[in-house]
Each structure stands twice: as C-alpha cells, then as structure tokens.
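Enquirer: Feature annotation from TrEMBL assigns domain 'Tr-type G' to A:30-244. As annotated by TrEMBL, GTP binding site applies to A:39-46, A:118-122, A:173-176. Residues or ranges marked as ATP binding site in TrEMBL: A:476, A:477, A:478, A:479, A:480, A:481, A:482, A:483. The annotation active site, phosphoserine intermediate is assigned in TrEMBL to A:550.
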C-alpha cells in the first residue's frame, strides 16, 4: 500500500444498506473498550488516532474536505493528508502545534465501541496522563522506531503501570522510516522488555506499525512479512475489558443517593463497582457492619433478577438498616476494610505544592472526608524510577505517603478495586482538584484487628532479658561483609549472655518472603516485612540484627519510622565497589557485568549511601572481628 | 455476561446525574427539546426511578423554535412529572431580535445572555446540558463537569482533572457548573438508544412532506409563514419537499435535508451512509472558522 492511497479500509458495512434492522441488532451488542495513547511529542500519536478514526469511517466528507484543505495549509505532510489535524483541539494548542490536555475520541468497529484518551507527551503533563489512564482498560504506548525506547517511553509505561493498566500495547511506529527492518524492531522490543520487567510489568503486546502509511493498523501489512501477530485493530477488538475482571470479585456498591419517593419505598442507588447482586443475597452495609437481605433490584425497566458490575441500580433491603450516601453495600461474607490511616501513592496536580499536615478534602467513591498527608516517604523520579527524598510533592510529581482521614472510611486496595481504592484530593479554599491517589493498605487495621490488651508488656520482656531491645540494620553493597560482620556481632553478644536474632537473605527469602520477586514493589514489600518482623522481635525484647543490601534510603527510612526512638541503629558496612567486586564471594558481580543479572546494586542499580548512619565501619581498614568489636562498643551499655 | 456499550454509557450517565443531585444545591436540566435532550431526560427518569427527577427542566427559548418542538416540550415535562421553566430574554423580546436582521446577535442575545439571566434569576448552581464530545473538535477536551465563573465565563486553564468516576463539584458562592452526562455518547449511540428505548422525539426528525424555502444557499422549513414574511420583508417562495432535520434549533437557522427516511432505522441508515457531519446543517459553526464554538463557550454559550 502506498501512502497516497487514502481509501478507507474499514468500508461501511454492506448490511447498513441491505438490512438496517439486522445491522442495528448486531451493533446493539457491541462491547466498549477505553484506552489511552501515550508517546512523545513527535511519535505520531495524533496521526495514529486520526488514522484509526479515518479507517473506521468516522470521518465525514465535509471534515475530510476541511482536512485536505488544512493539510495543505498548515499540515506537516506536504501535499498529503495530515491525520494529526483531525484530532487537534483548542485553538491555542493548534497554534503551538502540540496537544496539551486530555482529549477523548470515539470510533467503533463491528464488535466494539472505543473511547480513546489522547494524552500529551510533554514532560510537565503527568497530570493529564494519569487522568487519561485512570479510566483506561488498555494503554497504547507509541515508540518512534528510529529513536527506540526513550525516557518518555519509560515514564509513560511506569505511570500506566502505577494506575493499574494490565493491557499494554507497545506500538512501534514509523516502521516505514526504518524500512520495516525486523532486526531493529526486535532490538527495540528486547530493550523495552528489560525495562518492563524491571518495573514489574508482566507482559505487553508489541506491534510494528506505521500510522501514516497504515501498516498493521487494520490490515496485516505486506511490508512486515516477518510479523505474524495481530494488527492493532484486531488486538483492540480482542482484548479483555476490565469490567469482565471486576465481575468475578465480591459485590460492592458505593451508595450515592437514598431514593425515598414515599414512606413505603426506601432504595439505595449506586453504580455496582465489582461483583453482582440478586434478590435474596445477604449484604452488609459498611462502615456500620449491619447486615440485611436484598429484597429487589429496581430499575425503570422493571426489577432485575441480577445486576452486575458496571450497572447503575437501586437496591431495596428486607430490613430497615441505617445506610446513606458514602456507605458501601457489599457481600455480607467478604466486606471491604474500614480504616483511617493508609499508605498511598499520590500524584500532585496543582501549581501550589502539597502542604504536609494541611487538611484537604478527599473523595473516594461517594465518601467525602477530611484528610492530612504526611511527609512523603519518597518521591519517585518518573524518568529513572529512583526513589528520592522529598519534603513535599510539586506539580506533576508522584510519591508515596501516609495519609490520615478524620473518620474511618470504607476501602479496598486500589489493586483490587479502582472504585474503592482511587481518590482525589481537593483544596478546601480554592476547591481545585489538587491531587489523586491510590490506596495500598491500611496502616492500623483498627477496625478489623483489635489490639489485644496484654499484661506482659514489651518492657517486661526486655527486663527479663536484661537488655534494651533494638535493631542493628546492616546495609552495604553485595560482598561488603554485612553477614560476616553481623554474625561476628551476634556471636560476641551471645557470649555476653544477650538474646539476639539474625535476619538475613537466607532465612527470610526462603520462608516469609518467598512469594516476592525482585520488582520495585516487591522489593519495598520485602523490606517492609523484614521491618515488621524485626519490630515484633523487639517487642519480644530481642536485639535484632539484619543483613540486607537495602540500597534505598527511602526503604531504610520506612523501617526506621516503624521503630521506637533510638531503637533503630543503621550500620553502614562501607566497602568501596572495586573492593566488593574484587572479593565477589558469590560470583554475582561477574554475572552482573556479563548482563546475566539485572538491577544489580552497584552495577546497573544505584546504592544510596546512608547520610547519617549511627555506625559506619570501614572494611578496608578493619577485619570483620575488629569491626564487630567496634560496633558493640558503640551500642554499649546494652541495658 | 458483558455489558454492551449502550448499557455502560447509560450507567455512566445515571451515575453522573446522581452525583450532581447530591453535591449541588440547586440543579436544573437544560432542555432544548432536541434528540440529545430527549435522551438526557430519559436517563434522568431512569436515574431516580421510582422518584421523579429531583430538579426542574429549563428551556431558554428564542421564540423562533419549530412549533412541533413547543408541543413536545409541554408533553415531555408532564410525562416526567417535572416542573418546566421557560425563559425569554426580556431585552431580546423588546428589541425584536430575530435571525434574519441580527445575525450572530440572535444567538448571543436569546441563548447566551438568556441562559445567564435565567440561571441567575433562579439561582441554579448546576445545569445539565446535552452536549457530546464527538460533536465538534474543541469539545473533545471538555470535562464532564465544566466550571463557570460567577460571570459564567469558561476558562480552559481552570478546568479540573477528572479521574476515575470521581467528580469534584465543590465551588464558591456564585460559581456554577455545567454538567454533560452525554459526554461519551456519539451521534450513533444516541440514535441507537432512542431506537432501543423507544424514546419520543420531535416528529421533524422523521421525513415528511413539508413547506420549504431556499435562503442563502440553504434549505429551510416555513414553519410560521406569517412571521417569516414579516421579518424577511417578503413572502419566501414555498415549495413542498420531503425533508427532515438532523439537528433542531431555531427554524430559520436550521437547515433541512431532503430525505425519505420516515422511521428510526431509516434515519440511522441514512446517517450511517451519509457523508457530511451533523453540525453542517447549523449556521452557527461557520461564522468565524473552526474555532468559533470555543469562542462561544468562553463567552458563555452552552
């Protein structure tokens, strides 16, 4: 196919002219897929969307005439049609020649209706990308085949992954400009795969395309004979939509409005976020915890035998239970959690930075509460995925913080349920939407697990062991000597009749944390669990020694913040990289240098040295035994 | 079981309407009597059933609508059990503003100024409108909740990000919100839904023999010939033609198309086979290039 061949491939369905009733019948059963396109400024996003609209016959003659006219006047394709002009919006942007906001486009094929969130590629518009991704089932990430994987590609993939988009398409665009070279294409895919794995993206679908020339958009291109996967359109038509996945989860419906037309009718109106409901089902209203049975599922079209996730309905119950806007009706035997303190990822969207400790409105489902955000545990550099120390969050930055609501709210982790885990933050003075966030887990599972009052306190435990409990947190490069020194310290403490326990990679990775891999989130979870276990052991009165590389300051701070004042002792086992690499006790550096090990600290992943460790030992100047003696001297007295 | 696209669109629109009635103080539904308004009203009935929709309908009238539109307006409000408010800009009425003598001023005075006056008069802080994102390029970026200053201005920079289905409806005193529950519907979705749900629409959408005249290259219907003669200064030449309308507005501003489509499936068939976009029949978009709708929005036109 040549570039000037502008015949639409998706021709009008012959059925329209022949049998319109049959056509309508068919099209009433279409499903809907929402997706987002992201790419850098010149990756050809607008051209691709224009092409999808064009090929699916969404462009009318008058628009086409205007398009041809505009293409010649202001287009970037010479005398040829500039599809990008079809999707340019606000006048100001058009003059600048870039898209600066989220625009929604629509097209349909025989089996699906599509809503495309067209998102800008500019660095400063993380806000818009996150907005577009929040409602998307799929993300189409564009790469310019000539440029390969760029910083922007990584940023977009990371943000889509954070927003929980499971279906990722890597559209390698402008294949025509690299002569449809398979080797170059394969190299890009391999490059991307490495990156994707490193941030925990489990799979993605790569497609070689040309938005301009139309290769592999709706029909298999002859130019890429070596590619036998689906075209972009085939993939979009086949991929599973999120509402199907939501159906398998337990029933949840945030109550929006109580419907009371008269004294005899009291219904609870809302959009079912997950699961299904039918008359006779036992339901629980949260946060009250009261249960009842569904009497009817009411709609204007008659009562339903069953309603499923994605439907807006009104539910009546057998019993008069207290339930109003903000409450959540759920399956009685698997209700959501109720809590008031959480760890969450927050994306800041306002010119005025986050003010730590200030009260903002938080809207989650139909709940509106007052919330305060603690100092971020870390900010994530969206280009490198590095964790940075941060005092606040500025426009377009993303970080992890603890948040506290003024009353308990009903929630699910975002990864389980977007509707009960995603929230927005609203400034109380300006009323602007200043941030968006995703709940990970509650910190105090106050409403679910009641603290058992104990008679033997942690002080009693410590007194019986005649010692002050604490955590000696050894951190340093692989091969720096952490385990060796920690082991020496423990032996010496045993001789001194102290009660200790050593946690290291071997006894933790094989048991407690064997379900965790090496993705970023798993790595944080690994450290968090170790921290929690160490904390329990200090409650039991033990002196705990841990030996983990723990390369990131933010992770170590996470644990430090869990412990009581003075109980966390950071021990930096300071060994220069050259020395550690030379020792290479386990042969890991060799493998990492050969590219067989990815994300290896010191080689292709950074080690963030402690800025003010309680103890620093130099293993070049000291033997392990000398180091152990030095450490014990620093922590005396032990009681 | 997977929901169809129409079921998902319906559920989304209902969700939006319920959010508005719980978060706004005094909502109103702008009702223009067109097919989009008909769908919006139908969805409102569904959203609050068995209660009637808890807000009134407001028609900002220009006095130049088709007679058939006025007839359906009264009937629809009554069927829905809703209060109907009709507003005429008293200045426009006094000055005798009409589409022939006053051009763009007609839309500005009756509709743009009329709407602002009506919202201020009744103190409505939230108004539902039937606009869709697929209608026009600049609307593709319009939010579902669109914020207006106390003077009803629209500033693209101060619009709020909309994530998931969480809408921030908080505002200062005097500010108002326009809400577009049909944002994600396309013209085809609207027609299919009307067909599926059997929604009553103005008969002018269906083809019939009607009195027509040509004016400045367009084909128009002589809905009120006496009045036309008065403002045009002469009686236009009337021809009977089989016509229908793809959109409805003021009868001297809304172009008709020659058509034989007399049933909904035929209308949809014609729409799918046709090659010109919906708004082409409306004069309003043409007056200053393709950024005109955006300009009108900044001025406060819906």
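Using N, Cα and C of the backbone, Cβ positions are placed for all residues, glycine too.
Unlike curated records, TrEMBL annotations are generated automatically.
Keep in mind it's a predicted model, so treat the numbers as computed, not measured.
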Enquirer: At the level of the C-alpha atoms, what whole-angstrom distance separates residue A:479 (ATP binding site) and residue A:45 (GTP binding site)?
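Expert: Pair distance, Cα basis, whole Å: 47 Å.
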Enquirer: Which ones, of the binding-site residues A:39, A:45, A:480, A:481, A:482, A:483, are Cβ-proximal to chain B (under 8 Å)?
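Expert: Answer, by Cβ distance to chain B: none.
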Enquirer: Reduced to three states, what secondary structure does DSSP give residue A:476 (ATP binding site)?
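Expert: For residue A:476 (ATP binding site) - judged by DSSP and reduced to three states - the answer is coil.
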Enquirer: Restricting the comparison to the recorded positions A:477, A:480, A:483, A:550, which residue's C-alpha is spatially nearest the C-alpha of residue A:119 (GTP binding site)?
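Expert: Checked the recorded positions A:477, A:480, A:483, A:550; minimum Cα distance to residue A:119 (GTP binding site) goes to A:550.
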Enquirer: Measuring Cα to Cα, how many angstrom lie between residue A:39 (GTP binding site) and residue A:476 (ATP binding site)?
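Expert: One finds 38 Å between the Cα atoms of these residues.
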Enquirer: So which recorded positions are near residue A:476 (ATP binding site), with CA atoms within 10 Å, out of A:42, A:175, A:550?
Expert: A:550
Enquirer: Count the Cβ atoms, other than its own, that fall within 10 Å of the Cβ of residue A:42 (GTP binding site), considering every protein chain shown.
Expert: 15
Enquirer: Measuring CB to CB from residue A:480 (ATP binding site), give everything in the same chain under 8 Å that is also at least six residues away in sequence.
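Expert: Result: A:573, A:574, A:575, A:580, A:619.
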Enquirer: Name them in sequence order: residues not among A:476, A:477, A:478, A:479, A:480, A:481, A:482, A:483 whose Cβ is within 8 Å of the mean position of the Cβ atoms defining the ATP site.
Expert: A:547, A:549, A:573, A:575, A:580
Enquirer: Which one is it: of the recorded positions A:42, A:45, A:175, A:550, whose Cα lies the shortest distance from the Cα of residue A:482 (ATP binding site)?
Expert: A:550
Enquirer: According to DSSP, which of helix, strand or coil covers residue A:175 (GTP binding site)?
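Expert: Reduced to three states, the DSSP call for residue A:175 (GTP binding site) is helix.
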Enquirer: For residue A:478 (ATP binding site), which of the recorded positions A:42, A:45, A:175, A:550 has the nearest Cα in space?
Expert: A:550
Enquirer: May I ask you to report the DSSP-based helix, strand or coil state of residue A:119 (GTP binding site)?
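Expert: The residue in question, residue A:119 (GTP binding site), is coil (DSSP, three-state).
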Enquirer: Among the recorded positions listed here (A:42, A:45, A:175, A:550), which has the Cα closest to the Cα of residue A:483 (ATP binding site)?
Expert: A:550
Enquirer: Distance between residue A:477 (ATP binding site) and residue A:175 (GTP binding site) at the Cα atoms, whole Å?
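Expert: If we compare the Cα positions of residue A:477 (ATP binding site) and residue A:175 (GTP binding site), the gap is 43 Å.
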Enquirer: Please list, in sequence order, the residues in the chain of residue A:550 (active site, phosphoserine intermediate) that are at least six apart in sequence and whose C-beta is under 8 Å away from its C-beta.
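Expert: Looking at Cβ-Cβ distances below 8 Å from residue A:550 (active site, phosphoserine intermediate), excluding near sequence neighbours, one finds A:473, A:475, A:527, A:556.
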Enquirer: Please average pLDDT over the domain 'Tr-type G' (A:30-244) for the predicted structure.
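Expert: Averaged over the domain 'Tr-type G' (A:30-244), per-residue pLDDT gives 83.
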Enquirer: Roughly how many Å separate the Cα of residue A:481 (ATP binding site) from that of residue A:45 (GTP binding site), to the nearest whole number?
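Expert: About 51 Å separate the Cα atoms of these two residues.
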